[in-house]
Every structure is written in C-alpha cells, then in structure tokens.
Amino acid sequence: MVSFFKTPIIIFFFLLCLNEKVLCSINENENLGENKNENANVNTPENLNKLLNEYDNIEQLKSMIGNDELHKNLTILEKLILESLEKDKLKYPLLKQGTEQLIDISKFNKKNITDADDETYIIPTVQSSFHDIVKYEHLIKEQSIEIYNSDISDKIKKKIFIVRTLKTIKLMLIPLNSYKQNNDLKSALEELNNVFTNKEAQKESSPIGDHGTFFRKLLTHVRTIKENEDIENKGETLILGDNKIDVMNSNDFFFTTNSNVKFMENLDDITNEYGLGLINHLGPHLIALGHFVVLKLALKNYKNYFEAKNIKFFSWQKILEFSMSDRFKVLDMMCNHESVYYSEKKRRKTYLKVDRSSTSMECNILEYLLHYFNKYQLEIIKTTQDTDFDLHGMMEHKYIKDYFFSFMCNDPKECIIYHTNQFKKEANEENTFPEQEEPNRQISAFNLYLNYYYFMKRYSSYGTKKTLYVHLLNLTGLLNHDTRAYVTSLYLPGYYNAVEMSFTDDKEFSTLFESLIQCIEKCHSDQARQISKDSNLLNNITKCDLCKGAFLYANMKFDEVPSMLQKFYVYLTKGLKIQKVSSLIKTLDIYQDYSNFLSHDINWYTFLFLFRLTSFKEIANKNVAEAMYLNIKDEDTFNKTIVTNYWYPSPIKKYYTLYVRKHIPNNLVDELEKLMKSGTLEKMKKSLTFLVHVNSFLQLDFFHQLNEPPLGLPRSYPLSLVLEHKFKEWMDSSPAGFYFSNYQNPYIRKDLHDKVLSQKFEPPKMNQWNKVLKSLIECAYDMYFEQRHVKNLYKYHNIYNINNKLMLMRDSIDLYKNNFDDVLFFADIFNMRKYMTATPVYKKVKDRVYHTLHSITGNSVNFYKYGIIYGFKVNKEILKEVVDELYSIYNFNTDIFTDTSFLQTVYLLFRRIEETYRTQRRDDKISVNNVFFMNVANNYSKLNKEEREIEIHNSMASRYYAKTMFAAFQMLFSTMLSNNVDNLDKAYGLSENIQVATSTSAFLTFAYVYNGSIMDSVTNSLLPPYAKKPITQLKYGKTFVFSNYFMLASKMYDMLNYKNLSLLCEYQAVASANFYSAKKVGQFLGRKFLPITTYFLVMRISWTHAFTTGSHLITYFDPPNTNPSTLPNCASGKNKSPESFFFTHALAAEASKYLFFYFFTNLYLDAYKSFPGGFGPAIKEQTQHVQEQTYERKPSVHSFNRNFFMELANGFMYAFCFFAISQMYAYFENINFYITSNFRFLDRYYGVFNKYFINYAIIKLKEITSDLLIKYEREAYLNMKKYGYLGEVIAARLSPKDKIMNYLHETNDDVMSNLRRYDMENAFKNKMVTYVDDFAFFDDCGKNEQFLNERCDYCPVIEEVEETELFTTTGDKNTNETTEIKKQTSTYIDTEKMNEADSADSDDEKDFDTPDNELMIARFH
C-alpha cells in the first residue's frame, strides 16, 4: 500500500503522463486524402478544447510579431541574401540613366562590375525598406527580360527567388521591429497595415478609368460573342479577342510582363485597389501568405481575439504543427464557426453541410492554404515511396522526423543531410566541405547558413530525389515547430508550386475562364459597390473584389503586348498544344518546378493562384472554400471512359477497339514517334526480356507423347494439364479450410482436419503458390532430361555438338530458375492449321463454323486443348520511364488522341518494333520452324550463353513482343488514367477490407464487388481484349495464365505505389482465377439449357394464369379431365387459387421425390466437410496395405467431369423440388437466368445476394438433412478407426512378449537361427521401434491388464512369470532346470539399476564365449 506522503508525488506523475498523452494525441491521426479523422475517440471536443485552451491568444500573437528567435533568424537570412546578391555572378540591375528617379539610391550600395569597367550595379542594404525592395524587384525583372538567354536562365531564376524572399523578410520584420521598439502588439499590427495604406505615391486615377463602366462594357462584349453564331470557338475568342496571336519568343513566354516598370507598377496598383496587394507582393507561398493572412485576421478581430478573448487565436506556425485534421478544427475556432470540425467524415463533406456564407475572405483563403498544404505534405510523403524508404500519412510528426534522419544519417539524431552518403550517392558532386566518416551532428540540420549555401550552390542541378530530400527536411522542421525551418521555407520553390495541385479538374482552360466571367456577371447584377482604393488590412474583401481584381490582373495589357492570360493560353494551346491546365500539371513535380518556365517570374504563380480561386465551377454562387470543395467533389467521381470502366460490356469494347485500330490514320504512328524522345524506342525494346521459349514449353505440353517415360513409371501428362489440375485441386480444397496450408507437403492434407479439431492452427501461405508451380515445372523438365536419348546427347557427349532443341530446353529452365521471382507466363491460342498455308480451305471454314456454334450456344470455353505458353520478365524501372513519357505525351495531345485511339496507336508502334526482330524468321508460312517457333539461329548450340539468351529473346519477340508489351503498357496507362485508383487503394488498406484480400471467396463479398471487382478490372480494363482468349478458350493452362495476369497487375500496381492493390492481386491470383474458370464452364453448359428453361417458363406462365383466372393461357398444358376427382382443385386448373403463386402443396408428393435425390447428392458433394479427401479415399485408408490394382486417373481440370455432372444433377433436383412448391421463387430464378446472369455487373451483385440470402437458406436446409448424416458417418468412421487402432496397439505390445515366450518354450535347435547376442537385440529393438504406438494409454484397465500401459524403450518386455519358473544357466547348454518362486517379480526391467547392481553381467567382453541364447536369457533375469 502506498504511504500517505508518497501519494501526492504519484498523483503528480500521473497527471504529467496524462498531459503528455493529450499533447501527443493531437498529432496521432493523420488525415489522408481529404483529411479523414480516423480516431474520433482521441480527438474528442473535450480533449481538444482542454488542450487548445492552454494556448494563450496573446502568447500566440507574440510568437509571430514578438518572437526574438524568429527576428534573429530572419535577420540572419536577410544578411545572407544581401551577401549573395553582392557576390552573385549576375551583376544586375545596372545603374542606368533614369534609375535614380525610380528608386532611392541612398538606400542601396553601388558596386562596379570590374575595376576596369565604369558600369555599376546596385544591391540593397539593411536600411532598404519594403517599398525599396518592391522597386528593386521591378528593376531586376525589367533588365532580366532584356538580357535573357538560355545560358543565364538558372541564374535569373535564382535571383528572382531570393529577391522575392528578401521582400517577404522585409515585410515580416516590420511588425517584429515595431514590437521590439514599442512593446505594443496592436501598434505593431498597425505598422504593418500602414505599408498597404500609406503608399508613397498613391495614384489618384485608376489605370482602367471608371470600374463600373469598364465591367459594363466587358459584359456587353461577352454577351455579343456568345450570341454570335458565326464564332465557332467562343472560349478562345473571349481570351484572345480578334487578334490571332502566334507563338511568341522565349522571353515573352517566360515573363508575365514586358520590360516596362510602369506597367509593373500599374499591376501593383490594380491589385491594391481591390485589396489584393498582400497576394500580389507575396505570391501563393503557403508559409508566407498564411503568415500574413493570420496577422490580418488578428488586426481585424483584435478586440475579440486579444481583449475580450472570446475567440481562440493561433499563430500560423502553430497551426501547421497540428495534425492534418486538427488544423481544420483550429481554423474553425479562429473563424468563430458554430460547427467545429470534429467529424470522422471528410472535411469537404462536413464543410458543405454548414452555412458558410458569412465566412470572411481571410478564412476562405486559409481554408484553401490548409487544404493544399495537407496535399503538399501527403505528396511529399507519397513520393518517398519511390525511394528506398517509405513514410505514411498516419505517422506522428516526431516519428516522421526520426524516420527521415534514421534513413539519411543512420541515426534518429539530426545531421547535415548534404554530407551523408545517402544524399551524395544520388549524383557525383564535388563537396566543398571536408570529408567526414560520420555525419556532423554538432551543427543542426536546419542551420540557416548551410541550407542557404546549398540552395544557392547546387539546387538548380539537383535531381528528383535530392530535391525531395531538401523539401522533406524542411517539412519535418515545420511539423516539429522549428523556427529555422519556418524561415528557410521562404525561398524553397515547392511552397509556390503547390498552387499547381489545385488544377486537377479535367476541363479546358477556356471553360475555367468562363467561370470567372460568370462570377463577374453575378457580382455586377447583384451589387454596385465602390472599391477600396487600397489594401487596408481592416477592409473586408468580398468575392466580387477577388473576381474583378483577378480578372484585371490577368488581362491588363501595355502597348498592345499580350496579357498574362493570353500568354498562358497561347503557351498551352500553341506551344504545348494542349487545352487543359491539368494536363500540364500532371507532368510536373510539385516540389521541383524550379526547372520549368514558371520559375522565371514568380508572378506566374500569383496569376495561377488568383485564376484558380476565381475559376471554380460554382464560384458565382458560392464562396471560395465552398466552390473549391464542390469542385473536388466532381473530381472524386470515377472517370468512366471506355478504357477505365470495368463494367463496360466487353463485346462492345472489343469491337470498338478493333474499329478504332482499323481506322487510325497512317501518319498517326509517325506523329507519335516524333513526339517521343530519341532513346525511347530502345527503352521500349529493353522493357521486356523473354526467358522461357515457347518451343521449350511445347516439348512438355503439346509434344508430351513423344517423350520417353522414366523406367517403371507411366508416361507423364502435359505440363499445362498438371498445372491446371493443381489450381483445380486448390479450389476444391478451399471450402474445407485447407487452402494453401503446408503447400510444400501435399500429402499432409489428411491430417489437417484433426489439427483443426485439436485447435492446432495452420496459417495459409497464399503468397507461396508460385513455389508449388515451380516444383512442378522443374520436375517436368527433369523428367525430360532423364530420357535415354537426351542423356546420351547431353550428358555423355560433347556439349558443342548438342541438338539445338535440347540446348534450348536447358537454357529455358536455367533462365527460369535464375529469374524465378520475376518470371511471368502468358499464352496465346495454338491453332496450327491457321499458320499452315497447306491447310485446305474447307477445313478452315469447318473450324470457323464449329467455333461459331460452340460460342453462340454458350461461350468459347475449352475450345482448344493446348496453348502457346511462354515466360518473360518485366524490367520495371525502364518500363515505368517509357509509360511516364507516353502518358505525358497523351496529356499534352488530348486534342489529337482519345484514350482508345492513343492506346491503339501505341499498339501499332509496338507492332513496328516487333517487325525489327523478324530478321531470322523465314518468309514462308508453311515452314515448320515458323509453326513451332524454332526460329533461332542454326548454330544456336555453338553460341556462348549470353548470345543464346539474346537468341531466345529475339525469337520470342519476333512474334509476341507487341502483345506482351502492350498488355503491360495498358495496365499502367489505364491505371494512371483512372481517378478512382487512389481511393480504391485506400479502401483496401482499411482494416475491414484487409480480410477481403486473403479470402478464398472474395468474389462473393460485397466489398470486393463494390470496390471494383479486381477480377473484372483485370479482364475488362487493365488488359486488352485479346488477352481474354487464352483464359477462356484453353482447356489446359487457362487458370495458370490468368493467375499470371494477376501477378502482372500486382507488379504494375507496385510500380505506381499502390501497395494495397498490389497485395490484393497477389493474394487473389489463385482464388479469383479459379472462380473465373469455373464460372465460364458453368456458364457454357447453363446456356445450353435455354430451350428447356424456356419450355418450363411457358408452362409456368400458363399455370400462373390458371391459378389467377381459373383457365390456362395455353390449352396444351391443361390436364385432361378424365378423372377430376383424382386431381387437386388447384392442379385441375378449374378453380382459382391465387395463393398457389406463393406456395402450393398440390405437388408436394412430386417435390418430395426430388428432395430425396437432392438429399443424397448433397451427401456426395458435401462429404469434404467431414472427410477432407472425400468419403471414398477415407475408406481406402483402411486398406492401404493392399495394393490398388487400377490405372492412374487423369488429373481433373475445370471441365465437364464427374463432380460437375453431380453438381448439375443436384441443381436439377433442387429446381424440380422448390420450383414446384413456389412459382414466385421459380420466376425469381428465371429472371436470374435470362437477365442477371447475362450482364456482368448484375451477375456479380447477384452472386453476393445469393451467398448471403439464398445460399444461407440452403445451408440451413442442409444442416437439418444431409449434414446430420455426414456427421454421423464421421463419428462412426472415427469409432471404427479407433477400434482398429486399439487392436493394433494391443497386438503390437503383446507380439514381442509372445515371440520371446515362444522362443523360451518352443526352442528347436534344429530350426532356430543361431543369432548372436547383439543381432537378437537389434532385431527386437527394430520391432519395438516400427510398430504403431502413438503413446496411447488404456483407461479402466483391470488388475491383470495394467501391463498394457507399461512400456520399455530400451529393452523388450516379457510375460509375468513365477520365480519358480526362472531358468538357471549351467555350463551345459542342453540342461535347463526351473525352480519355483512364490513371489511375482515386476515385468519391467530397469537397465540402469541392473548395471549398477552387477556390472559384470553387462560386460560384453567378459561373456563373449557364452552361447548367445543362454546369455540372452541370463540378461533378462
């Protein structure tokens, strides 16, 4: 018990621990996608309020404008920027004539370019004000435009970025310096506000004159264009006007304005007039803009935040420190929303449910910034999956930091990442810092000088991974409240580029512009307010101010020079030849746009930001945040095209695809080649490597009868048949719960049922199925190489003269073994007559007619026995590069290609590549080499190993490169094209759906079907139509090939970082492939019963009419009235009986007969429930000692076998029984037969319904009928088995004793073998070891039966004897006397005690000369 004085201490520590947990819980739940809160119990309103109340509003404001650490770091960065501007190689801006009129030279330093040159350039100083830097930025842009060329492009970008950063720093230092001098928070905020209200040169007149008149004329002009029917492209006319602008020079493209400072000042003025000055000067930088919008909120609501304190206030840095979902909760508190975001639902859904019409523009902008900062964070984390380490969005911020430094520095402690081997290995760069064995941990990873140095020195040359590491380093600092990271973020391009993520809607640029026009129309009709004339932070900015200001900012011109909007539109439509901004954005990385054209002028990002805020579809009627979330809602809908929609009817898709391919213009493939990079064709060739030659597989498959069987063994079956049988066996085993348990030992299945009963769980090894097939394939090849003639050629002769075919066999199996984990098998139809021109025409016509009849009356399942099966591997890195480039080409040319036409154009391109491999193929189609694909070099066996591998690849690529490569390409392309894959991957990552992936009947679960049925996605979306032929038409190997389709999909999903979908395909490779094959076989036969089903349907309709009206609809079915008394009233058809439609007992007698047969067929089909191997094999186990005189049964596959017909009979008995009882149920099944089963979408959902409802009723029926008898049979079988084991054990324990006693009493020297002592012991020992014992004990043994539970593991057991009967040993072996003993001795002999008592008796050397039989008897006694 705790003493009294210790109690307060314990309570104190308990409270500390509780507080620690509460503080950590705020970061516990990361919000994926759209910030879904996964753990509502942790972040309850009570817990969150308790935590947030700890933060004082004034302290939070002080952290922004009274923070000494922030002030110090900003000052340090300012000095670093000023120093770098002085030492910059780009000595601009130059001091020219008229420059002094633009800026105050006294606040700048003048520097000569060289000592011998009179030209001077100016650099700002610490005394330069914010307005001075604004003018300085105008000068730099003016002169950069004039001198621009590609050689100095990176230098210009770098200078523009750091000057913009310097301007931001100057603005951030204004309230910090003011508070430091006056120690007054409000006056510091007012000092910041004065920057935008007390402009030095305030213009009295607007650049566009009267605003009302301007917009009135604009709307009249827009209305005129829309009403003019002669104008075809109205959207382009609205943007470009009457002037047709051609592609401009690079400097016109790269900069938003021309080299005119006055025009730049006019842009500043126009944004200032609409209250957008803050956005104009800062740009859409996520950190900087958010910082000042929060300060603007602080000034506007100063009384509520800091005097009354009835609303919570948080600094921008503190908001970013929270988890993704909690950031919105904090924002709701700051914006005084009545409904604070505490829901588990997505932020979009909860935001749109509440009336947000009164929300201020500042809160709308913060909503936008937080939403895309969350997306930026997730994008950075997602991109790490392309590297050697993975992060995930659910990680707490501390763990993200630790995980990052553990990866970069091999230690969670901070280090300078630029000095680590992980960073250096991305490229060979010269390191200007001294080499160190261990990363320097004395200097912080967020050191301002080091990060700025490497940014200026190396950033422009960084690749994707290094740029990612730099931004991820800064992100970890922001998430963990590091002020230095907060300051460093000001110059990182990724925080500007995040605006690009908002252009995800698949709409043309002109359509987005029309939304902006609609916003202006709505504002002009609703109100006519006067503009503010400045960007006073106290002013309320409305949506109308935003729309009008954005329009003017984007459309202002100077001297007939195109506006920003026109430049950007021309760049898209004529430069890049695309119509959608999203097509451009999808090809860019959001954290490294430093290398694209937008980085030449940061105002491009400002233009995109303002244009995005005002171009949402519903912006005219909703505020910015509502319009943004409504736009995202549209993006969430599945992009259902003919390529991506897996429910699209496959016959229509097939014929449409073939039609598009046939009508593709001849020059379209040439155009695609021109759009590709020079080395892409070579990459395409290297994307696949063929390993298992088709002729190699055919030797074990189609030509298996020609192979010599091993001595004493039957001839082997075709390899594809063996593989198909293994899949069928797995399917038969799965319902009994033995799915992939002990896959390496197929004979252990008999014991599994007992393990289940004994609760010894055996976990399934579902991802190991390929190893089973490997053993079967290797066994088939080994048997081939064991043939006598193969041994003579391959093993006993010089390999130099070996047959080409044998060498090809050996190379194929070696390549398969060496690349086992990566090998995939595809197949094609093997129709030999099709490839031989000598085939008579009538035979070809006959085959075609037979195929047509076979397909029309069902489907084409099992039409061919064998297929052409070959193995290959995918070079994932190269293929990913190829697909990324082609996908980018498609996005940039959607005006030329549709998704289907682009796919078929790529297929034709692959056909061209395939033709380049055909140099060694003969021209005549009748050639046997071409028919069986033995088109390798004539001297193939004499080549070295590397050359032979190339021959195999070229041989297979000459026929199957296009089909195989296109299958892999379409998988990746259609996945990237769909906007549903991200959500699908997240759905299968949820705990409730993880079990679907490992389920053996996932195809019958609602989640599997609702989330897209990966089986249908593979067959109807991810793969081309021709890929369905082998998985349907082949009798042997179709399931094996389909499982490899799943494995290819798994690899493709893994390449795109969809880990959950990758695992789903891997785990469902067997179960779903088996289901598909079985479904096709059942569908084929089911459709053959169409005439019979139709006949009974017509008869049923007639009887239904008789039940309802009293007379038959068709008189043929009216029973004769010869003896009406023998027929029930309802059956005679003369009386109405409407209730018989639901249930009738009139045919109960007939139904009972069918129920009887249904019951007995269930006994046969459901025997696996209690007998894992079936009832027959279970009985045979009792006669294993009798050799079975029968032939080996042919392995079963998915076809019409005995079980199939038993199931068919079972189905007939079920139908005849229950259809006769209830006509309503019969009609329900008719609807399924005629409609549901013929539409894949309906059939999949009906399968789920059938499982949970109809099958449930059938299971309950079986439980009270056939299952009872099966259980009784199982119990009886076990009792018989136990009784048999009992007899065996008794006999096994008595047998050695009987033999010894027989030896003792019935010894015949003439017959007895004269065995020596040790031979006899070994003989008895072996006998004891081999009998069946299993350490069983007998219960309720009588006194005379106790010996049954006694065992001796080291010596034989003898009968209980009287001591008087013991034998005595004498020197004469023929004289044996017995002596009576009155007392019994134990039958168990303790050999250890015996050795201790008399070691002489156990000495073999001493007794060596004694006869063996006498020595043995003496040893027993």
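Cβ from N, Cα, C; glycine included.
What Swiss-Prot says about this protein:
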- 1398-1412: compositional bias 'Acidic residues' (COMPBIAS)
- CYS335-CYS363: disulfide bond (DISULFID)
- CYS409-CYS415: disulfide bond (DISULFID)
- CYS519-CYS547: disulfide bond (DISULFID)
- CYS523-CYS544: disulfide bond (DISULFID)
- CYS1352-CYS1355: disulfide bond (DISULFID)
- 1371-1413: region 'Disordered' (REGION)
- 1-24: signal peptide (SIGNAL)
- 1203-1223: transmembrane segment (TRANSMEM)
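Shown here: features listed in Swiss-Prot, placed on the structure.
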residue	record	Cβ contacts under 8 Å, 6 or more apart
CYS335	disulfide bond	THR359, SER360, CYS363, LEU366
CYS519	disulfide bond	LYS543, CYS544, CYS547, THR614, ILE619, ALA620
CYS523	disulfide bond	LYS543, CYS544, CYS547, LYS548
*asked:* Under DSSP, is CYS415 (disulfide bond) part of a helix or a strand, or is it coil?
replied: coil
*Output the one of CYS363, CYS409, CYS415, CYS547 that, of all these disulfide-bonded residues, has the highest number of other Cβ atoms within 10 Å of its Cβ.*
CYS547
*Let me know how many other Cβ atoms fall within 10 Å of the Cβ of CYS544 (disulfide bond).*
19
*Based on DSSP, name the secondary structure state of CYS335 (disulfide bond): helix, strand or coil.*
coil
